[in-house]
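Novice: The structure under discussion is supplied below as structure tokens; questions concerning it will follow.
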Amino acid sequence: FLYQYFGLNFQVKVDNWVNGVAGETYTGVTARFGAILPLEVDKSVKLSAIVANPLTCCSTPSTKLSNSIALVARGDCSFEAKANLAQSNGAKALLVINDDEGTIEMGCDDDTPATNITIPIVMVPKSTGESFRKALQEGHKVEIGLWAPDRPVVSFSVAFLWLMAVSTVATASLWPEIAKTKDSEPRYDDFSPKSASDGATSKENTEEIINIDVKSAIIFVISASTFLVLLFFFMSSWFVWLLIVLFCIGGVEGMHTLIVTLISRGCTCQKKVTLPYFGETTIVSLIVLIFCLAFAIAWAITRKASFSWIGQDVLGICLMISILQVARLPNIKVATVLLCCAFVYDIFWVFLSPIIFHQSVMIAVAKGNNSGGESIPMLLRFPRLTDPWGGYDMIGFGDILFPGLLVGFSLRFDKENKKSWAGLFFTYLGLYLMHGHGQPALLYLVPCTLGVCVVLGLIRGELKDLWNHGSSSTPAASLGGA
């Protein structure tokens, strides 16, 4: 119904067999007119392919197209004209070869469905069509099968991706409690050089907390925009490789800190060794560091493998938990500035940037245009296991870190004021209400997290305290929590 009466384009699976041997499955798109393709592979339109003569099929073909899939190239005539000529000469389907690596919308001249055309019309990229033409020119028999499977209504991969994102925020928010040792002594990096102090270093100094203020929030978003534009104009494989190296360094540091912290809770073994530059460190810390480095290097080597998403997600989660332990929001005022700036940032670079740059800057960077096949690793991804089209569902680090900062503040505020964890619960509820599907996630996350916190603050009569928390009477160091 949608296909015929609303003229929608759908992706098509293009199977092929050369002399009976199955080849790679390609992807094409249907025209906004013509027959509907079957949903199941066993009902696919499978016919022998014949190259039309003339190739553009803008005049009556001299080749016999009976009971075949006609291969034609884009030319001076309309797609509707090509389909009419191919159908009148007996073709059972039309495969249009585009003149570049991509596909375009194939509509009718007057934008109304061509009800007289009863064969399916599909467009494929230039390389796909040329591979079929080459095989036919070499005298091989080429058969092509066309079918258009639906995407599942419910994607279980989205649920797993959501679970990873929320678990990351929850772990980061509760980490001070998780990592607390029996004697309640704060743990800091065992692999860092030890200072010459007498051990009386305050908790505030050892935790190295960075409280974000209004100025730094605005500067951060401006810097992120500048970096995004640089990526857009100067995207290349070496640029992506630089990001991969930085990602690995951050992931290794985060993973090392988390593992050593957990081991230190239940292990009293503190044998130490002295290393050049690093100074004195525990053997456990050294072993964990070697493991983390090996893990990151293994992921970098196999980053294009089908299972590489596992290593990328592990490193990314460790990196984000580490960031959320260092960076903190002091109050709702700063949270409002940061999240509202991020809200505008996401909407502008996805929806409004095409007005200036003629394409969506955010989408172009996410796709890795001009990156030599490399992809930016700063996101979590999960394979679409139940989707016949495959691919991954993804969410960027910023879409987790920005709400994560707010969740962390909500927990510390409620704990400091001896309240229930309602703020944390409702903020998680806001996270649950997020629906991205390739759109700017912060468009949904900001209203559902910041909005929930503000409304809850109004209901509990705490909005003034939330807004000014830590700005005057309450010292910033008190936000360190436990």
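From the backbone N, Cα and C atoms, a Cβ is placed for every residue, glycine too.
Remember, TrEMBL labels are computer predictions, not curated facts.
Heads up, here are the entries from TrEMBL:
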type	residues	note
COMPBIAS	183-192	compositional bias 'Basic and acidic residues'
DOMAIN	54-131	domain 'PA'
REGION	183-202	region 'Disordered'
TRANSMEM	153-175	transmembrane segment
TRANSMEM	217-235	transmembrane segment
TRANSMEM	241-263	transmembrane segment
TRANSMEM	275-301	transmembrane segment
TRANSMEM	307-327	transmembrane segment
TRANSMEM	334-357	transmembrane segment
TRANSMEM	394-413	transmembrane segment
TRANSMEM	420-435	transmembrane segment
TRANSMEM	441-459	transmembrane segment
Novice: What stretch, picked from 241-263, 275-301, 334-357, has the most CB pairs under 8 A with the transmembrane segment (394-413)?
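Specialist: Highest pair count goes to 334-357.
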Novice: Do we see three or more Cβ pairs under 8 Å linking the transmembrane segment (217-235) and the transmembrane segment (275-301), pairs being at least 6 apart in sequence?
Specialist: no
Novice: In the domain 'PA' (54-131), how many residues does DSSP call helix, how many strand, and how many coil?
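Specialist: DSSP classes over the domain 'PA' (54-131) add up to 16 helix, 15 strand, 47 coil.
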